[in-house]
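Undergrad: Mind having a look at this structure? Questions to follow.
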Amino acid sequence: MSSSRLFRNDSEEELMLNHLSEEEDEDLEAPASLILERPKNDRPTLLSTRDHVSIEDRTMWRWANVENMDYFFQRVYDYYQGKGIYCILLARLLNLLTLSFMIVFSTFLVGCVNYSEIPSSHSLDQVIVPQCLSKLSTTKFLYLIMFVLWWLWQAIRFVTDIPALKEMYNFYTILLNIPDAILDRIIDIRETNPNTSEQSPIRLTEHDVASRIMRKENYLIALFNKDIFNLTIPLPYLRHRQLFTKDIQWNLSFCLLDFVFDQRGQIRKRFLKEKNKQILVAGLKRRFIFMGLLNCVLAPFIFIYLFLFFFFKYFEEYHKDPSRIGSRTYSPFAKWKFREFNELPHLFDKRINQSYEYANLYVNQFPKEKTILFARFASFIAGSFAGVLALFSLFDSEALLNFEITPNGTVLFYLGVTGTIFAVTRGMIPDEKQVFDPERTLKQVIEHTHYLPSKWKHKLHTDQVRADFCLLFDYKVGLFLQELTSVLFAPLVLCFSLPKSAEQIIDFFREFTVHVNGLGYVCSFAQFDFEKHGNPRYGVEGVLVEDEYYLSNEGKMEKSFLNFKANHPHWIPNDMAGSLYLSRLERFKNQKRQNDITKDEPSPIRLNKYGIPSNLGDSFEPSTPHFQYQQHHEEEEEEEEEEESTKKNVVGLLNQFYDLNNRP
């Protein structure tokens, strides 16, 4: 594609986009009900009375005058995830120190050590290059300047964010009284804010808060669920592989989210009008291609940063336990596939972390006999050498450093090599007492990931499903190599693959966006709109959606709805369809339980503590963290008992969801 063709009508498109922005700004003018009247005092009066205003009143005033609710609740949640002001400041300070260490240490290794002198030298002073910074090549010096500028930018952000953290600290300590449940306490104080009280059109429930915090993420979850992103590598023999790494995620966030949403976190109204489609598609394609070209220019810088970051991050872990070199984790693509609408990140992390044990057990259910035989042989040989060398060093400690088995190969060197080989190969040998039952094990994984593609059903024991699962649950080393290779492949994906999805992406934002009074524009899937997206195959009654394009894949919306109800048992759906859906599952659960009781012969299915089939598991048990705190009133204890009872009932409903929709 030539540059003239690519930027042929850039000026006209920019003028049209600017015109759309002006029209949009006029439409976005705040209504009179949301405009807060401010006192018309002059500046000297405000300055003179500031010292007489207490921190409590000042904090209450800030809360009462919050205008951008999305940004405010995002700050509240980030503060909650960061564990308070001191932990946040300490973490960010240590991150700055880590980054500075990476810059200084890598510069020292690259430009300040004369490696050719190491074999003939006996101390560090003999191999250090004097005034090494002045002798750096132009390329190395340029990279050093870029890293230093980046560090300075991070340091400036750290300093400028301190006042905002202080404000959030006052909000937590004064208004929330350091709560145990963030959403519940915010709802308790909503009457003190004129914008969120019951008389105000702005809504504030558990669902509303989560929708504001995850307004952008909900769209990404839906886009991944609908398989709209084209992330394939446009090269022969690699076209079937999808590439989604941290690098591409950062680029996708800039190209798409910053294009669709304004500074207030609201979707730009131009995306809701079909007449603007072609202009927006061209603009999105241009952003993808521009970032692809920029990634080509910055590829060396990005590669060095990623290599140093992952090397320093994982070296200590693998050095301490070499067997962990074969450990696995979920890929970034898998995590976006597993995420559910309005599920806050800490709840998602807890749910996914509970699946790791079963995921590793499932992967080990398919042992490769040839690999195991080789691992046992290598482990025996390496262990024998390591044992002999260890005993030898016990009798003569000086031989550990001075005795050379091969030229320049001391006992200590070979002890480290054989010990590492022994640890790695031992980790490749499965437990001999392990029972081969991959189907049952994968079901335990699915109970936590909530991910069961239709092509997997009735094939959980096959190698095909295992291969698909291993693409989602990959080796950490493999993911590290993918991050490095993405420096080469990301420009290709951005320039050639993602632009093919631009039209579908623009259509998606227009067709799956709804306006909710008091909340703004949100993804219709995240609003749990059963009338528009309800799938009868997943237990929704009374709806008939003719076009499957408007349905979430694999019941994502229905699962998200039930999972949100489990995490927030006091939440009541706003529409009748959601309540009817819960009622139907409740009837199904009671009917199934009654059928089990009336059976003459004992049921072959073991029931769990909730009276439901244990093979369905307790995967949807609420993930809300439980904190220990002092109970001051008996009423609070009664509320907790009632909440626990509600949670158990929702767990039963969620288990029935899988039983209802996964029957043969």
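Even glycines carry a Cβ here, placed using N, Cα and C.
Per TrEMBL, the features are:
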type     : residues : note
TRANSMEM : 93-116   : transmembrane segment
TRANSMEM : 141-159  : transmembrane segment
TRANSMEM : 288-312  : transmembrane segment
TRANSMEM : 373-395  : transmembrane segment
TRANSMEM : 411-429  : transmembrane segment
COMPBIAS : 592-603  : compositional bias 'Basic and acidic residues'
REGION   : 592-664  : region 'Disordered'
COMPBIAS : 621-630  : compositional bias 'Polar residues'
COMPBIAS : 635-644  : compositional bias 'Acidic residues'
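Mind mapping these onto the model and telling me what they sit next to?
TA: Counting same-chain residues at least six beyond the ends of the transmembrane segment (288-312), those with a Cβ under 8 angstroms from any Cβ of the stretch are 1, 6, 98, 102, 106, 143, 146-147, 247, 251, 254-255, 480, 483-484, 487-488, 490-495, 498-499, 502.
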Undergrad: Restricting to the same chain and to residues at least six past its boundaries, which positions have a Cβ under 8 Å from a Cβ of the transmembrane segment (141-159)?
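TA: Sequence-remote neighbours of the transmembrane segment (141-159) are 92-93, 95-96, 99-100, 103, 107, 300-301, 304-305.
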Undergrad: Mind checking which residues of the chain, 6+ beyond the ends of the transmembrane segment (373-395), have their Cβ under 8 Å from one of its Cβ atoms?
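TA: Those are 411-412, 414-415, 418-419, 421-422, 425-426, 428-429, in sequence order.
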Undergrad: Report, as numbers and ranges, which residues of the same chain sit near the transmembrane segment (93-116): CB under 8 Å and 6 or more residues beyond its ends.
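TA: Beyond its ends, the transmembrane segment (93-116) has Cβ neighbours at 127-129, 132-133, 135-136, 140, 144, 147-148, 150-151, 154-155, 158, 304, 308-309, 312.
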